């Protein structure tokens, strides 16, 4: 993400964006305290990365105007990286984290709203956008929200909604498995389904739906349907740590059957949207 952002912002050193992204997500930041606050690796996700890369590109372009050509190859990268990294850790990552955390709070409050229309709309949007959030790292802002809801309410209504993203991937993959003539893709889809049912979605996402494109979009739309169902019935989980079908064991207030109905809705919606949108079947 950092490399691509640097290219888009016109940097002549796109790898610098990757280095800065790596610094922000480095586990070496854990335990470091600045101004009384402990640094958190990856805080702010893509927002922090974009902010620091934007700053780095500005610094780089400014330096190239004043640094002599004979020193440019060494001085410009050194100063750009040093200044950008310091500003990122002291200012930009906390800002990105604040924005990301605020998004998480807004999502949690709207999903848990007593207004059923607001809750369902929020559940639809949250379910549909969760996988893109995971891919950008912004989903980390939601983890403290789960913990806070469980501590104060006894369960989190957000987790079952977000879990529909993986469930819809299963439905989309079943549609791909049924329609594809590509034996390699068919095998990949088949091997990923069992982990998918258990809440392990990476084999399906990165092996099937995301490379094909359209099934990934279809799965996100299907997750929106499942998220709406979960939000409508206020399905909550009493703990974190699992997803998929095993999450049924953690459902609060005897709503396991309602949760399973949401699961089936996610499977069906992911499947149907994939059938409707279709996909370009790869050739062996």
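A Cβ is built for glycine as well, from the same backbone N, Cα and C atoms used for every other residue.
Keep in mind the model is a prediction, meaning the values are calculated, not measured.
Copied over from TrEMBL, here are the features:
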- 1-284: domain 'PTS EIIC type-1' (DOMAIN)
- 40-59: transmembrane segment (TRANSMEM)
- 71-96: transmembrane segment (TRANSMEM)
- 116-137: transmembrane segment (TRANSMEM)
- 149-177: transmembrane segment (TRANSMEM)
- 216-249: transmembrane segment (TRANSMEM)
- 256-274: transmembrane segment (TRANSMEM)
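Beyond the ends of the transmembrane segment (256-274), by six or more residues, the same chain brings 127, 160, 164, 167-172, 174-176, 214-215, 217-219, 221-226, 229-230, 233, 235, 245, 247-248 to within a C-beta distance below 8 angstroms of the stretch. Spatially, the transmembrane segment (216-249) is not adjacent to the transmembrane segment (71-96); fewer than three Cβ-Cβ distances between them are under 8 Å for residues at least 6 apart in sequence. Mean model confidence for the domain 'PTS EIIC type-1' (1-284) is a pLDDT of 89. Within its own chain, the transmembrane segment (116-137) has Cβ neighbours under 8 Å at 1, 25, 42, 45-46, 49, 107, 110, 158, 161-162, 164-165, 168-169, 205, 216, 219-221, 223-232, 234, 266, counting only residues six or more beyond its boundaries.
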